[in-house]
Every structure is written in C-alpha cells, then in structure tokens.
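Here is what TrEMBL says about this protein:
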{"type": "ACT_SITE", "residues": "234", "note": "active site, proton acceptor"}
{"type": "BINDING", "residues": "10, 11, 12, 38, 39, 40, 41, 42, 136, 234", "note": "substrate binding site"}
{"type": "BINDING", "residues": "179, 201, 202, 203, 204, 205, 206, 233, 234", "note": "ATP binding site"}
{"type": "BINDING", "residues": "228, 230, 264, 267, 269", "note": "K(+) binding site"}
{"type": "DOMAIN", "residues": "6-276", "note": "domain 'Carbohydrate kinase PfkB'"}
Ligand code: ATP
C-alpha cells in the first residue's frame with residue numbers, strides 16, 4: 001500500500017537574534033540556518049522514515065533543489081511535486097535568547113496545486129491507500145473528494161485550524177486529527193463533536209482515538225525530557241498512518257505513533273528530527 005500526501009513544502013530560514021526586531025529596527029542576526037519545513041513535508045518525512053511508501057503531492061518554485069533533494073534523501077517520492085515559477089513556500093523564523101520566536105510565513109507555490117494536479121497524481125493510487133491532507137495547501141476539498149471516490153482512506157490534519165476548511169473537507173474524511181486546542185475550537189464552531197473517527201492529541205498527556213459509536217482508545221504519552229516539541233503532531237500522524245498502512249491494529253498504531261513522537265520531542269528540529277522505524281522499535285523494547 002502507499003501514502004499519498006497533498007502537503008506544503010517550505011524552506012525554513014532560521015535566524016538567532018539578540019531580541020525580536022522592533023518596528024523600524026535593522027537587526028544583525030547571530031546565526032543562520034536553513035532547512036526543509038512545512039507541515040506537509042514533515043508528515044511525509046515522518047511516514048517515510050517509519051517505513052511507508054510515500055508520494056508527496058505539492059508545488060515548489062525554481063529555488064527548491066535542496067529541499068527536494070532532502071525529501072528524497074528521507075525516502076519521500078517527489079514525482080508528484082510540480083516545479084513552478086512561483087517561489088517555494090518559506091518561513092522566516094527569528095528566535096531570541098529566551099527561545100521566543102516571531103515567524104513570517106509565505107505560502108508561495110503551496111497554494112498552486114489544483115484539482116487536475118491531484119487527479120493526475122492519484123491516477124496511480126489504489127483502493128485502501130492513504131491520502132493525507134493538512135491546511136497549508138490549496139485543493140484540499142477537491143483532493144478529499146477524489147480520494148474518497150477512489151476508495152482511499154482520507155486523513156485530515158486540521159492545522160493550521162480554520163473552521164471553513166474543516167467544514168469543506170469533513171464530508172470526505174475518514175479520520176480527522178487535531179490537537180486539543182483545535183478540537184475545542186471545532187466543537188465550539190459546530191456546536192457538537194463531528195460524527196467521524198477522530199484523534200485528539202494532548203501533548204505530554206497523550207492521545208485519544210474517538211469513534212462515532214462513543215468508543216475511546218487512549219494512549220498515554222511516554223515520559224521523556226523534551227528538548228523541542230515542534231513537529232510532534234506531524235510525527236505522530238506520519239507514524240500512525242505508516243503503521244495502519246502496514247496493517248497494524250489501532251492500539252498498536254497509536255502506541256508506535258506515541259513512541260515516535262516521544263523520541264522526536266527529545267531532538268531539536270521538526271522534519272529533521274523524525275525517528276526511523278528501528279529507533280521506534282528499540283524505544284519500545286527498552
Ligand atoms: P506541534 O504543533 O508542536 O507539532 P501538536 O500540538 O500538533 O504539536 P501535540 O498534541 O503537542 O501535537 O503532540 C502530539 C503527540 O506527541 C502527543 O499526543 C504525544 O504522543 C507526543 N508528545 C508531545 N509532547 C510530548 C512530550 N512532552 N512528551 C512525550 N510525548 C509528547
């Protein structure tokens with residue numbers, strides 16, 4: 001089976017600064033690093049490192065050679081990523097000495113995928129494959145509809161949260177994944193819990209899989225000393241989908257996802273910090 005992921009690809013530019021810049025200020029950075037980012041790319045990397053066959057669907061600009069090479073190095077298929085004239089999505093991330101940050105996000109080419117691109121990419125998908133979606137690209141609702149019509153298992157990660165985006169995708173979603181803040185916002189907006197399978201992640205308090213029947217499967221978070229929790233949710237989702245795709249049961253898949261995310265938060269970075277399947281197996285044997 002395979003995992004198809006319509007997702008963002010970003011270039012992250014990270015600047016360490018003595019303080020966050022004030023209006024009108026020109027500030028010299030203390031250091032600079034650049035790397036692969038975006039929720040979509042993070043989830044693709046997490047699933048590929050976990051052992052799934054992953055095809056990323058998206059769009060980048062002419063400046064994306066390095067991030068595409070990085071995705072491929074992590075085992076992510078990039079044939080369904082379109083190269084366009086629009087700049088690659090990117091984030092300008094300033095981080096001060098207290099680890100407080102200020103971020104400018106430019107979506108760029110992430111807003112170019114359309115129905116035709118998704119339809120073409122999914123021509124090779126098979127019934128039972130997974131289709132992953134987040135809220136950082138265009139064409140989510142179209143993709144969800146096509147995925148559902150073709151018998152794919154559609155998993156929607158409702159982040160960054162936007163209630164209208166969720167409303168559009170929900171009718172075609174098999175599994176909705178949110179953190180507890182997003183779940184509370186959705187329930188407040190809809191006036192009820194949505195009647196679909198859904199996972200709510202609660203950081204160090206663990207995660208729950210709620211079924212429409214009312215059944216709840218809870219997994220605790222593993223106790224670790226976190227260094228950087230950025231991307232924990234993406235790690236959890238990528239590993240969960242990879243485990244389900246490999247035929248594991250829901251409890252086993254939730255346990256592996258929880259272990260993977262626990263490892264990931266002990267490492268600095270997001271996409272670059274995703275564990276592989278051997279890391280997770282070793283962690284669970286300890
Ligand atoms: P982010 O936005 O930082 O990517 P998120 O808000 O989407 O994360 P969380 O609910 O914070 O997602 O975390 C997802 C999962 O990661 C949790 O359900 C848990 O399994 C694991 N996790 C997160 N933080 C910790 C922690 N401090 N210790 C152990 N596991 C953690």
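Numbers run from 1 along the shown chain.
Keep in mind that glycine also has a Cβ here, set from the backbone N, Cα and C atoms.
Heads up, TrEMBL stuff is auto-annotated, nobody curated it.
Locations of recorded TrEMBL features on the structure.
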residue	record	Cβ within 10 Å
10	substrate binding site	28
39	substrate binding site	26
41	substrate binding site	31
136	substrate binding site	24
202	ATP binding site	15
204	ATP binding site	14
206	ATP binding site	16
230	K(+) binding site	18
234	active site, proton acceptor	28
267	K(+) binding site	17
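Annotated pair residue 41 (substrate binding site) and residue 234 (active site, proton acceptor), C-alpha to C-alpha distance, rounded: 9 Å. Of all the binding-site residues listed here (12, 228), the one with the fewest other CB atoms within 10 A of its own CB is 228. Geometry remark: residue 206 (ATP binding site) versus residue 39 (substrate binding site), CA distance 20 Å. Counting every protein chain shown, the Cβ of residue 264 (K(+) binding site) has 33 other Cβ atoms within 10 Å. Annotated K(+) site 228, 230, 264, 267, 269; additional same-chain residues within 8 Å of its Cβ mean position, judged by their own Cβ, are 227, 229, 231, 232, 265, 266, 268, 270, 272, 273. In this structure, 179 are the binding-site residues from 10, 136, 179, 264 whose C-beta falls under 6 Å of some atom of ligand 1. Taking the C-alpha positions, the distance from residue 269 (K(+) binding site) to residue 204 (ATP binding site) comes to 18 Å.
If you take every residue in the domain 'Carbohydrate kinase PfkB' (6-276) and average the pLDDT, you get 96.
Of all Cβ atoms in the protein chains displayed, 19 besides its own lie within 10 Å of the Cβ of residue 269 (K(+) binding site).
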